[in-house]
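Taken straight from Swiss-Prot:
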- Gly120, Thr121, Ala122, Gly123, Ala124, Gly125, Lys126, Thr127: ATP binding site (BINDING)
- 658-694: region 'Disordered' (REGION)
- 667-678: compositional bias 'Low complexity' (COMPBIAS)
- 679-694: compositional bias 'Basic and acidic residues' (COMPBIAS)
Amino acid sequence: MSMTASSSTPRPTPKYDDALILNLSSAAKIERIVDKVKSLSRERFAPEDFSFQWFRSISRVERTTDNNPSAATTAAATATVHSSVSSSAAAAASSEAGGTRVPCVDRWPFFPFRALLVTGTAGAGKTSSIQVLAANLDCVITGTTVIAAQNLSAILNRTRSAQVKTIYRVFGFVSKHVPLADSAVSHETLERYRVCEPHEETTIQRLQINDLLAYWPVIADIVDKCLNMWERKAASASAAAAAAACEDLSELCESNIIVIDECGLMLRYMLQVVVFFYYFYNALGDTRLYRERRVPCIICVGSPTQTEALESRYDHYTQNKSVRKGVDVLSALIQNEVLINYCDIADNWVMFIHNKRCTDLDFGDLLKYMEFGIPLKEEHVAYVDRFVRPPSSIRNPSYAAEMTRLFLSHVEVQAYFKRLHEQIRLSERHRLFDLPVYCVVNNRAYQELCELADPLGDSPQPVELWFRQNLARIINYSQFVDHNLSSEITKEALRPAADVVATNNPSVQAHGGGGSVIGSTGGNDETAFFQDDDTTTAPDSRETLLTLRITYIKGSSVGVNSKVRACVIGYQGTVERFVDILQKDTFIERTPCEQAAYAYSLVSGLLFSAMYYFYVSPYTTEEMLRELARVELPDVSSLCAAAAATAAAPAWSGGENPINNHVDADSSQGGQSVPVSQRMEHGQEETHDIPCLSNHHDDSDAITDAELMDHTSLYADPFFLKYVKPPSLALLSFEETVHMYTTFRDIFLKRYQLMQRLTGGRFATLPLVTYNRRNVVFKANCQISSQTGSFVGMLSHVSPAQTYTLEGYTSDNVLSLPSDRHRIHPEVVQRGLSRLVLRDALGFLFVLDVNVSRFVESAQGKSLHVCTTVDYGLTSRTAMTIAKSQGLSLEKVAVDFGDHPKNLKMSHIYVAMSRVTDPEHLMMNVNPLRLPYEKNTAITPYICRALKDKRTTLIF
């Protein structure tokens, strides 16, 4: 068909949504996946395949010591590469120098497994198959990336206590394993113990052993941790109790059906690692799955042509990190003959064809050709010309500011942010603010790291230079380097934490501590997989504080890199949107069941604070006030009794009246209305005041309008005369909380309908800002401050799968966020820890918890806790790399491929273009299809062959 047909002939308005029709048409075949998975998961391994103690024998490794270096040298000289698994590999295991652990591969059994391949175009419905599997089967759902895992959590509507995890966290990977996996020395050493060369991997047994060797430093560390814990449990209790404790270590003990999303980002050997740990944990815990001899069934979901799996190596001596393209799991299952035959891929491949994220037919046809590597037609190339815009426009931050910019490299993203910040400083300086990022370095651990990395070095490298060179590794999320960071790093010495605590009052309240609206547990904070950490640290040694500053833009589009703890404290949006949320119970419905009471309490607090707006809106007249006073106010026993007691009390103490309607006091100059942005730019403050919570005092002798209003019952809101501020949830039963919520909601909706009728519908379009039981002040530096010095709300989490708007920051105490003081140096706590405030798509405001992370470095077989960083865990959605955008759906996209892009690949083009949900909102600086690019030709023949194979399950 013609690629321009849609532009020449207008299409009739469909009766049903296109996405709905496409999903319904594929539903029947998606259900067949369940039957296929059931069949694969019934496989059993033979009882003689494993002895009960197999995990003990394979974990025993030989280590050399400094006392006998000749033995290591002799063993290394005799180590040879064999074409089969033999006892000589075990002898070679004792040859390891430098403390790197190597396995005794002659004792390894073969770990059988089954695999199902699920691939398809971007937005074609692969996630739908995961939803169906989760609904119909008992399976372990995971993702390769944090974004993929959190996206699945949202789609599957998982509760806060059952969030989807990454596959790495499921099998026990923690931050200390990052340097173990990247160590160049370890990988060079382990290469000597491969049972054969890659081209000689003619059997699945050889392939499995070589793949496990590639990841052995991490495997060995996790295995040792588990075995040590098992032995301690067995020594203090019974073997059965130890096995039961081990069974709770990993979700891999829950089911033999393991679903992994975005497998195109996972290296080939990780498939065998997952299989290994499935057997390890189940054998260690003697689980039902192990006793029934269940073979693991791995469901690999993703696209082999969208992105690449990257392999990284880090050299401590040169401090260089090399990154190269590796073979991902999906490509291996499609191309590797050994895996194809063993997994019977021809019969176990499900392929989704059409794009449902963007239902434009011409655009979908183009993406289909790009996904499968089919040679493009001339009309495809010509079709992309329509998206080209001048490069100067895309690189100009003021042009189409609402569009997300995508670039090939981090350098280009940094350059764009610098241009953006410079432009904002000239026109909207009040939108810029910067916050400190702290790094507390343990001097003793850093000194030891330098000695291990360079034993012959005269003096250690300056710590601030090391910090700058390793910033992307220390701040463990890739997009951190894209932010506009200060070039200057301040360095200062810190006293030992114990001395600081002894000097100051030890009972000082921790920042962020205190009472909690949601309870004392503080939510489901993800902790390390193993609590007993053998990393070397020196808590009482001297420490160095490194500080740099990071610049943010108020109103910019942002995301988070991982599930971050947050507190919902308010709402900011239009009155109409807030009413829609109330009528549909949107916030209540999206809240997990165990938090229902807290959700009702929070929305009740927002409604209480928002009631003032009916009396102070720009459209309010005396006639409207009379009508508002007639709205029925039902009795709420928990609120009215306290109000009656207050009314019976003497006159207002200190001249404070709960009916003060002091709102936006600095909002005018000379009787003229001044825009909020202009007031903020002139250093003034915007106040959102709740009458009965106001602490405003005016010492002037002049009689103000507010004082005159106090004597006029017309301007006294009967709502605040009848009801007091809602108490905390701990003082109310669930029934009382729900009754309070429904009463406030009904009053608000009645008032809204009245105002709509009297204003001709204009009231709905007004902006509404309301905070939970608090008055707030917006300061000129983007700081949001509570007049009580604290915020209270509902503990929740923000997800990397969602996009948020940055509203500013607060330095006030957040009562609902548990304290992190025990993880942060007390001198850093004393300086005050600011928290960012985000707004989600519905308009709810979140206070984001600070991100505290420990950086553990491994060198010469020793793990060192070198430093702890305190930052904000934020990534920008205003601009990002194309690789980072993988898995996201973006409304408006502007892609900059550069002037003369090098190493441009079809995967880059495909991922960048397929992020958009509507091609009308896509622009690019060039037509990348007219430039030289690397084609995905290697995998195309396999995909084309599968499309023609009747055994392949095709879902359109």
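From the backbone N, Cα and C atoms, a Cβ is placed for every residue, glycine too.
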Under 8 Å by Cβ from Gly120 (ATP binding site), same chain, sequence gap 6 or more: Lys126, Ser303, Met351, Phe352, Ile353, Glu371, Ile955
Any same-chain residues 6+ apart from Thr127 (ATP binding site) with CB under 8 Å of its CB? Would you list them in sequence order, or say none? Asn151, Leu152, Ile155, Asp261, Val301
Tally every other Cβ atom lying within 10 Å of the Cβ atom of Gly125 (ATP binding site). 26
Within 10 Å of the Cβ of Thr121 (ATP binding site), how many other Cβ atoms can be counted across all chains shown? 26
So Lys126 (ATP binding site), by the Cβ count within 10 Å over all chains shown, scores 22
